[in-house]
Amino acid sequence: MTQSLADMRRDYTRDGLAEAQAPGEPFVLFHQWFADAVKTEQAPVEANAMTLATVDGEGRPHCRVLLLKGLDEQGFTFFTNYESAKGQQLQANPFAAMTFFWPALERQVRIEGRVEKVSAQESDAYYQVRPLGSRLGAWASPQSRVIAGREELEGLVKATEARFSDTQPHCPEHWGGYRLLPERIEFWQGRASRLHDRLNYRFVNGQWQRERLAP
């Protein structure tokens, strides 16, 4: 390593975030920022990639990168195996946090709230538009469980392909969506000298309240 970690930094000077720019509803601002990210971010960055943090029954945190697959006025939707580690964690503690980071825009969004399963109909609707390989994978992979090796996984895939050789796979009961119902959404815009802009929205008594946080 030619540069020490202590010396690795960059200054953020692209933009600012003033209250005058921020709507009263955080979903409006998220849609604006997400549209900017879709137009601006380039591979390997995926605009809908986010870090999802969960907490297990023993209070230990876990995080991983997932893809956002749905957004409406209710909340933010992602899909997974309900029997996976994250599914078990959400069953034990149905609260989570998401973080989106768009480096080209020098922006970050943090979202916190309760998580609930979406309807079976909504899960099936998304499942049916996935590529065939992904639909088969939802049946084949015992997500988060220990397996002997890659060969075992490939064997499970072949068995699943044979099972559905004459029919289209349907959405398994152990697979589906979760929706995070936000209680807090923070918008972060990088600024020079680490004096970043942070606008925080809190859902209180059925209404969104906006406040500025110190960087």
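Each Cβ is built from the backbone N, Cα and C atoms, and glycine gets one as well.
Swiss-Prot names Arg64, Val65, Leu66, Leu67, Leu68, Lys69, Phe79, Thr80, Lys86, Gln108, Gln143, Ser144, Arg198 for binding FMN. Of Trp102, Trp188, the residue it gives for the same site is Trp188. The record assigns Arg64, Val65, Leu66, Leu67, Leu68, Lys69, Phe79, Thr80, Lys86, Gln108, Gln143, Ser144, Trp188, Arg198 to the FMN binding site, and the maximum Cα to Cα distance across that set is 37 Å.
When the binding-site residues Lys86, Arg194 are compared by the number of other C-beta atoms lying within 10 angstroms of their own C-beta, Arg194 comes out lowest. DSSP assigns Arg130 (substrate binding site) to coil in the three-state reduction, outside any helix or strand.
Classification of Arg194 (substrate binding site) by DSSP places it within a helix. Sequence-distant contacts (6 or more apart, same chain, Cβ under 8 Å) of Leu68 (FMN binding site) comprise Asn48, Ala49, Met50, Phe76, Thr77, Phe78, Met98, Phe100. In sequence order, the binding-site residues near Lys69 (substrate binding site) (Cα within 10 Å of its Cα) are Phe79, drawn from Phe79, Lys86, Trp188.
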